[in-house]
Amino acid sequence: MARHSFFCVDGHTCGNPVRLVAGGGPNLNGSTMMEKRAHFLAEYDWIRTGLMFEPRGHDMMSGSILYPPTRPDCDVAVLFIETSGCLPMCGHGTIGTVTMAIEQGLVTPKTPGKLNLDTPAGLVAIEYEQDGQYVERVRLTNVPAFLYAEGLEVECPDLGPIKVDVAYGGNFYAIVEPQENYTDMDDYSALQLIAWSPVLRQRLNEKYKFQHPELPDINRLSHILWTGKPKHPQAHARNAVFYGDKAIDRSPCGTGTSARMAQLAAKGKLKPCDEFIHESIIGSLFHGRVERAAEVAGRPAIVPSIAGWARMTGYNTIFIDDRDPFAHGFSMA
C-alpha cells in the first residue's frame with residue numbers, strides 16, 4: 001500500500017478549471033507525445049481519474065502534466081488530462097497551463113514571450129503577454145483544423161431528428177446550429193443540454209466513422225457544440241460545449257472555437273486574417289483568428305489561433321492513498 005503525492009497548481013481559464021500537475025507525474029515511454037499518451041492511458045490512467053474525478057476533482061475538472069519535449073523545435077511537452085480522458089489537444093488547458101507554468105517558473109522559454117508546445121496532436125505555437133510576474137494573455141496557434149462532415153442526421157431526445165456538422169480542431173466536434181428542431185442554446189437549460197449530449201455523441205459514434213486522416217489514434221467524436229446568438233457586444237457567436245459525461249465548458253473552448261472557425265471557413269464565412277470572437281455560456285470570450293489556409297491529407301483546412309486569459313487560484317498537494325476505497329475517483333450518474 002502506498003500514498004502517492006501530486007503537487008498541483010490550480011487555476012482557471014475564462015472560468016473553466018485547469019489543474020497543472022507540477023510534481024508527481026509518472027515517467028512515460030515513447031518517442032512522441034502520442035506514444036507517451038498511449039503509455040499513460042495503459043498504465044497510469046488511475047492518476048487522471050484520481051485527480052480529475054470526485055472526491056479530489058469534479059465533473060468539469062481538466063488538467064495537464066508537463067514533460068520534456070520529444071521534438072527539438074519545442075520548449076516543453078504537455079499531456080492533457082480531464083474527466084473525458086487524455087485529449088490530444090486542449091485549448092483552454094493550454095492557456096491555463098502556459099500562464100501558470102510561466103508565472104511559477106516551471107518552464108523557461110528559449111525566446112521570452114514565445115513558447116512551442118509538444119502535444120499529442122502536434123506542435124502548438126504560443127505567444128504570451130507578461131506584465132511583471134503575471135501572464136495577462138496567451139495566444140495559441142493551433143494544429144490545422146478542418147470540416148470533416150456536413151449534415152449528419154441523428155435523433156435527439158425530446159427534440160427529434162437534427163442535423164450536425166462535424167469539424168476537427170484538435171478534437172472532433174458535432175456542431176448543432178439553428179434548424180427546425182433546434183432554435184438556440186438559450187432556449188434550453190444547461191441540464192437539458194447535458195442530458196441530450198451524451199446520447200447524441202453515442203449515436204453519432206455508432207452511426208458514423210470519425211477518423212483523423214493523419215493521426216490514427218484520433219478516431220472518435222468527443223464533444224458536442226451547441227450554438228447560439230451572442231449576448232456580448234463584441235462576440236460573433238456563442239456556444240455551450242459538452243465534454244466528458246456531464247460537463248459544459250465554462251470557457252468558450254479553444255479546440256471547439258478552432259473547429260467552429262474551420263466549419264465557417266469551409267462554408268465561405270471566414271477567410272484568412274478574419275477575427276472570430278467566441279462567447280461562452282458564462283459570457284467569457286476567446287479571440288479567434290484564421291491565420292492561414294492549410295491542407296490535411298488533401299482536405300481544405302485552416303490554421304486557427306485562439307487568445308484568452310487565465311488566473312492561478314492556488315497550490316494543492318493531493319494524495320491518492322491506495323487504502324482509500326475511492327482512490328481512483330468516482331462520478332455520480
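Just so it is clear, glycine is given a Cβ too, placed from its N, Cα and C backbone atoms.
Here is what Swiss-Prot records for this protein:
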ACT_SITE  CYS90  active site, proton acceptor
BINDING   GLY91, HIS92, ASP249, GLY254, THR255  substrate binding site
ACT_SITE  CYS253  active site, proton donor
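Each residue contributes its Cα atom, and for the residue listed as 'active site, proton acceptor' and THR255 (substrate binding site) those atoms are 6 Å apart. Ranking the recorded positions ASP249, CYS253 by how many other Cβ atoms lie within 10 angstroms of each Cβ puts ASP249 at the bottom. When the recorded positions CYS90, HIS92, GLY254 are scored by other C-beta atoms within 10 Å, GLY254 scores highest.
Mapped onto three states, the DSSP output places ASP249 (substrate binding site) in coil. For THR255 (substrate binding site), the same-chain residues 6+ apart in sequence whose C-beta sits under 8 angstroms from its C-beta are LEU87, MET89, CYS90, GLY91, ASN142, GLY169, GLY170, ASN171, TYR173, HIS223.
Taking the centroid of the Cβ atoms of GLY91, HIS92, ASP249, GLY254, THR255 as the substrate site, the other same-chain residues with Cβ within 8 Å of it are THR13, ASN16, CYS90, GLY93, THR94, ILE95, GLY170, VAL241, SER251, PRO252, CYS253, GLY256, THR257, PHE286, ILE306.
The Cβ neighbour count for GLY91 (substrate binding site), using a 10 Å radius and every protein chain shown, is 33. DSSP gives the residue listed as 'active site, proton acceptor' a coil state; it is part of no helix or strand.
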